[in-house]
Every structure is written in structure tokens, then in C-alpha cells.
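All remarks here apply to the structure that follows.
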Amino acid sequence: MTLKERDKKHLWHPLTQHKLHPEAIAITKAKGCVLTDENGNEYIDAIASWYTCMYGHCNEFITNRVSQQMKTLDQVVFSGFTHEPAILLSEELMTILPQNQNKIFFSDNGSTSVEIGIKMALQYHFNKGDKRNILIAFEDGFHGDTFGAMSVSGLSVYNGPFEDFFLDVKRIPTPNGNNHDAILESLKEIAKSNTIAGFVYEPLVQGAAAMKMHNAEGLELILKFCKANKIITIADEVMTGFGKTGKYFASDYIHTKPDIMCLSKALTAGLLPMAITSCTQDVYDAFYSEDISKGLFHGHTYSANPLACTVAIAGIELLKSKEIQDNIQRIINSHKDFNNRIKNHPKVKSTRQTGIIFALDLNIEMERYGNLRDKLFSFFMSNGVFLRPLGNTIYILAPYVISEKQLEKVYKTIEDVLVTI
Ligand SMILES: *Cc1c(COP(=O)(O)O)cnc(C)c1O
């Protein structure tokens with residue numbers, strides 16, 4: 001039996017309606033930017049396996065470090081104990097995070113990092129005796145699939161059964177250069193009751209909304225409003241973090257820094273699951289007390305797993321290297337050239353780019369998970385390129401180590417697919 005056949009017996013895949021999509025492709029190995037399936041077919045991983053393995057799959061610089069760490073300290077409880085990988089990671093993060101971030105809290109995935117950010121914001125006010133229970137979030141935002149994260153996600157297409165249990169969230173549109181006054185007016189209206197605890201946002205690029213990009217000055221105005229009204233700002237940089245926007249973090253493009261930041265995905269370079277919620281000293285201080293109940297009583301068994309921390313440290317070292325920074329610039333420039341090639345194509349409605357994230361919208365209306373989307377996906381895969389179109393958007397978010405030749409193949413395959421639709 002093939003892996004594909006054995007898979008069907010016991011496995012239930014994420015975000016999958018198995019009746020409509022019974023087949024999964026079995027991947028047997030990955031190296032650099034290339035995935036190989038059980039039949040020996042190769043695919044360029046042009047979305048870095050959901051924006052994780054930015055330094056390439058099975059990167060030996062990283063795997064060697066982890067293999068050393070595995071022989072020394074594998075796992076230990078992180079309540080009451082500490083260890084060097086966590087300490088070193090916190091020190092390393094301080095060299096790249098926005099200056100105002102000062103404390104690091106660990107969890108296991110992007111959703112829980114947001115969950116923790118929300119809990120920090122709610123308890124921050126609670127500890128100060130300020131009753132605030134409303135959260136603000138962008139329309140079309142995506143923050144994960146646990147309850148708090150789901151509540152703040154505007155893209156809740158299939159959340160019907162759960163909506164009655166959501167947190168109280170008010171939505172604002174993303175700033176587009178023309179709607180800033182209107183956004184501030186609606187914020188003022190909501191803030192009248194003085195019950196807004198926090199604002200959760202994906203800065204500059206909304207990943208799951210199909211790489212929707214918004215206006216930095218507008219975001220700046222919203223964040224300034226939040227600061228002035230003591231609303232805790234929570235930047236979900238799970239997708240945008242670690243170089244993808246051309247800077248270490250999307251928040252680096254904005255003068256007003258977030259109070260809390262959520263990190264995962266590229267944090268651990270695609271090797272192990274881990275997430276971090278970082279915060280300012282001010283947030284931390286609201287929990288620091290002789291009163292035990294003012295502490296943050298949240299924890300996960302694998303918090304600060306030493307192996308995952310080791311991966312993250314190695315990843316940051318690579319991110320800061322000249323080689324990776326040069327690669328990022330190279331990809332940014334290649335995307336710009338590709339944009340000039342494709343932007344006037346009759347099948348292309350619009351294009352956009354932030355850092356190494358490139359997206360184009362097709363001139364065709366289609367469903368997010370509809371038949372045409374499946375047709376595009378199959379075309380890409382049969383041409384050896386792993387791209388996951390979202391609705392009528394095709395986007396590229398390739399590992400930093402993708403070669404010019406591989407990138408050209410991705411571009412060419414996108415040009416070729418336009419002829420077929
Ligand atoms: C992927 C993602 C999440 C959720 O992370 P998981 O690790 O899948 O739980 C949250 N926020 C953003 C912006 C993401 O891209």
C-alpha cells in the first residue's frame with residue numbers, strides 16, 4: 001500500500017473536508033527549497049511550508065545544533081526551572097525585537113501565542129482594577145483556531161458552530177489611505193464606554209486574508225489612538241515576523257510599537273513547534289505583585305522546550321547573517337522585476353508586494369476553496385511548484401534560500417497557469 005492509501009485509514013487532516021478532498025500527497029523528504037513525494041516527484045516549496053522553513057528545509061546549520069542539544073538536555077519543566085537555551089534565546093530576541101519589548105513568554109503555536117496575548121491584555125486591566133472586556137480587531141484578520149484567537153479572527157468562514165461562545169470583539173476595516181478618519185471615528189465611538197481592553201492586529205500584511213496589505217500611516221494612527229486610550233496593542237507577527245517584510249518585524253516599519261507581540265512559524269525555522277508572546281516591562285509589571293492571583297496563570301507542558309529554543313537561536317543567527325540579508329534583498333528585487341512582467345497581464349487584476357511577500361489577484365471571481373482554485377493548485381503541483389492559491393489570489397512566500405533559477409521556475413509556472421484559465 002502507498003502512504004497515500006494508508007493515510008486514509010486513521011488520519012484526519014487540518015482544514016480538510018475529507019469527502020471533497022480524499023487524497024493527500026505523501027512527502028517523504030525535504031531539502032532546501034525542495035519537497036519530494038513518495039513517487040519521487042519534486043516540488044519547489046514556494047510558500048515555505050506555511051512561512052516556517054525560511055532558511056530551507058533540513059538546514060544543517062540548524063539540525064547540527066539541535067542534535068548536539070538533544071544529547072545534553074531534551075526537556076525540563078519550565079516552572080521553577082530554567083535553562084540556557086531559553087535564556088540565550090531571550091537575549092538573542094532582544095537584539096532584533098522592537099526596543100520596547102522586554103519579556104518573553106513561551107507556548108507551542110501561533111494560536112496560543114495570540115491566546116496568551118489576549119489574556120495578558122484582559123488581565124492587565126483587571127489587575128489594575130479597570131473593567132475592560134472588549135477587543136478590537138481588523139476585518140479579515142486571522143489569528144488562529146483556538147477560541148480566543150478564533151474570536152478575534154474576522155475570517156471566520158467556517159466558525160458557525162462556535163460563534164455563540166466568542167469573546168466580545170468589535171471590528172474595524174484595515175486602513176487603505178482613504179478611510180483613516182472614518183476608522184478613528186468608529187474607534188472613538190467604541191472607546192466612549194472605556195471598555196476596550198486590547199487591539200489585536202496583523203501589522204501591514206494579513207496572511208490568511210490572501211496577503212492583503214494595508215497602509216502603514218493608517219496603522220500608525222490607530223496605534224496612537226490605542227496608546228492614548230490605554231488600549232493594549234497586540235501585534236500578531238506569527239506570519240510577518242523574522243524578515244519576511246524586508247525588516248526583522250513588520251512593526252519595525254511603524255513608529256508606535258506594540259505592547260505585546262506574538263511570534264511563531266519562522267521563529268523555529270520549520271523544525272519544531274514553538275511560539276512566543278513578548279511584552280513590555282509595563283505589561284509585565286501589571287502582573288508583578290505580592291498577590292499570587294495577579295500572576296499570569298497560564299502554562300503549557302512543553303513551554304520553552306530546550307530543543308525548540310536551540311532551533312530558534314540558530315534561526316536568528318542565520319537571519320542576522322549577511323548571506324540571508326543579501327538573499328532577502330535579492331528576492332525583493334526579483335519580485336519587483338516579476339511584477340513588471342506580470343502586472344499588465346489581462347488575467348491579472350492587481351499585484352502587491354511587501355518585502356519577500358508577493359501576491360497577485362486574478363481578474364476572475366472564485367471561491368476560496370472552489371474548483372478553479374483546485375485547478376490552479378493541480379497545475380502548480382504537476383509543474384513541480386508548491387503554491388496554495390487563496391481564492392483568486394496567487395502568492396509567493398518562498399524560503400530565503402531559494403535560488404534565482406528556482407524563483408524563475410515559480411514565476412514561469414504562474415505565467416503558464418494564466419494561459420490555462
Ligand atoms: C498561522 C497564523 C496563526 C496561527 O498559528 P498556528 O501555529 O497555526 O496556530 C496566527 N496568526 C497568524 C497571523 C498566522 O499567520
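In case you wondered, yes, glycine gets a Cβ from its N, Cα and C as well.
Fair warning: this is a prediction, and the values are worked out from it, not measured in the lab.
What TrEMBL records for this protein:
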type	residues	note
BINDING	Trp50, Lys265, Gly299, Arg388	substrate binding site
BINDING	Gly110, Ser111, Asp236, His300, Thr301	pyridoxal 5'-phosphate binding site
MOD_RES	Lys265	N6-(pyridoxal phosphate)lysine
Per the 10 Å Cα distance test against Gly110 (pyridoxal 5'-phosphate binding site), the binding-site residues Lys265, Gly299, Arg388 reduce to Lys265
Close in space, distant in sequence - Arg388 (substrate binding site), Cβ under 8 Å, 6 or more apart:
Ile47, Phe377
At a 10 Å cut-off from the C-beta of Thr301 (pyridoxal 5'-phosphate binding site), count the other C-beta atoms across all protein chains.
9
Annotated binding-site residues Gly299, His300, Thr301, Arg388, filtered by Cβ under 6 Å to ligand 1:
none
Among the binding-site residues Gly110, Ser111, Lys265, Gly299, whose Cβ has the fewest other Cβ atoms within 10 Å?
Gly299
Mind telling me which of the binding-site residues Trp50, Asp236, His300 has the densest Cβ neighbourhood, counting other Cβ atoms within 10 Å?
Asp236
Determine the C-alpha span of the pyridoxal 5'-phosphate site listed in the record, that is the greatest distance between any two of Gly110, Ser111, Asp236, His300, Thr301, in Å to the nearest whole number.
23
Smallest Cα-Cα separation from Ser111 (pyridoxal 5'-phosphate binding site) among the binding-site residues Trp50, Lys265, Gly299 is shown by Lys265
In which DSSP state, out of helix, strand and coil, do we find Asp236 (pyridoxal 5'-phosphate binding site)?
strand
Rounded to the nearest angstrom, how far is the Cα of Asp236 (pyridoxal 5'-phosphate binding site) from the Cα of Lys265 (substrate binding site)?
11
